[in-house]
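These features come from Swiss-Prot:
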- D318: active site, proton acceptor (ACT_SITE)
- K21, S22, R26, S167, Q169, D318, K345: 3-phosphoshikimate binding site (BINDING)
- K21, G93, R122, Q169, R349, R391: phosphoenolpyruvate binding site (BINDING)
Amino acid sequence: MIHTMIAPRRLRGIIDLPGDKSISHRAVLLNAIATGAAEVANFLTGADCLSTIACVQALGVRVERHEDTVRVFGAGLRSLREPVDVLDCGNSGTTLRLLTGMLAGQEGIFAVLTGDASLRSRPQQRIVAPLRALGATLDGRDRGNRAPLVVRGAYLHGGAYDLPIASAQVKSALLLAALFGDGTLTLTGRTDGRDHTERMLAAMGATITVDGQTIRLTPPDRSEALHPLSLRVPGDPSSATFWWVAAALHPDAELTTTGVCLNPTRTGALDALRAMGAQIDVANQRVEGGEPVGDVTVRSSSLHGIVIEGALIPRLIDELPVLALAAACAEGETIIRDAQELRVKETDRIATVVAGLTALGAVVEPTEDGMIIAGGGNLRGATLESHGDHRLAMTWAIAGLVGAGETTLHGAEAVDVSYPEFWNVLRRIRE
């Protein structure tokens, strides 16, 4: 699909966001192993989360969906059914990695998990190695580093693991596996990724504690169960960031995103934009589904360059492509570092972002773990490619709203992975 964009005169609107992708995945996966039924409202109906539903259905879990409301009839901790076919995770790394952890402790189950070409190219040793240390029997291409992954459910034990990278997917895979283990799992090191799994497990009755950078989970005994958790999924801050950047960069804009998840592990993009000088108001703050939420309004702003690094990176890793676009339009230099994780996303997002920004007229230098963006650029229209990466597709769409001339995007359908309504919203806010 090809979309062509030119900058509108104004941007105005109130945007009801799709449900958060991370929470939507976890709401289905965790309720699948609870005992009883749960209702999940504002579920993200993007392709990734639908892959999660299809996989748990293949494991014998009843799931019903009506528009953006999903009912999950949990099978219980040890009642998943062996799938009769390969589990296709599509483009979803979250589905593949969390399901691998969940199935690793399902004694007697044999499962093969795969995905599309992009997912099959992404490294999996980051989950395979620590799961094997807990007793999991796993294999895959490239000595277990690439999907398809083969899982033979086994008897797992507890233990301690020091996380070398801040990855919510790795952390969550280990916590899900530990539910079926014998003994407490202790996680230390880079536990500073998204904490939705920890929050949901605690709400469902699991014995889990978080003390600074140390997480401990003691598995329930065989007579215990996880309680089903009904919730309304808050709006996805990763999706909201595209509108925040559009409003900050456009010379005549005011956009409000409602019901945004304001979990501190997810507000890195807000913090970065504030540091760059964006005019941001947060109102109507409240708690929904165990997560802090609020309404965020961003207006036209004069941005300046900053350094994005260190502990901030895990809190905005998915938003870095569009933040790089903001940096290209800001005054002064922006340095992004400690973000080597970008190289193993749906694309090598360092290479693809640098190439796209350069085509738009920005001056950008790639580094091994990030990029240096000169800033001050008056972006021009260009012909750009999404490479099948949903974050890139939306980043280049925003570039088309703020650059001079016409921008043409190839592969525009990639937005369906996480934001199926993106193009409809974009049309509505243009004036």
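Cβ coordinates are placed from backbone N, Cα and C, and glycine is handled just like the others.
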Rounded to the nearest Å - Cα separation of G93 (phosphoenolpyruvate binding site) and R26 (3-phosphoshikimate binding site): 13
Count of other CB atoms lying within 10 Å of the CB belonging to the residue listed as 'active site, proton acceptor': 25
Most Cβ neighbours inside 10 Å, all chains, among the binding-site residues K345, R349, R391: R391
Proximal residue to S22 (3-phosphoshikimate binding site) among recorded positions R122, D318, R349, R391 (C-alpha distance): D318
Position of peak Cβ density within 10 Å, selected from the binding-site residues S22, S167, Q169: S22
Cα distance (Å, whole number) from Q169 (3-phosphoshikimate binding site) to R391 (phosphoenolpyruvate binding site): 18
Max pairwise CA distance, angstrom, over record-listed 3-phosphoshikimate binders K21, S22, R26, S167, Q169, D318, K345: 19
Of the recorded positions listed as R122, D318, R349, the one whose CA lies nearest the CA of R26 (3-phosphoshikimate binding site): D318
Long-range Cβ environment of K21 (3-phosphoshikimate binding site), under 8 Å and at least 6 residues apart: L44, G46, D48, C49, T94, D236, S238, S239, S418
Coarse DSSP state, helix versus strand versus coil, of R122 (phosphoenolpyruvate binding site): coil
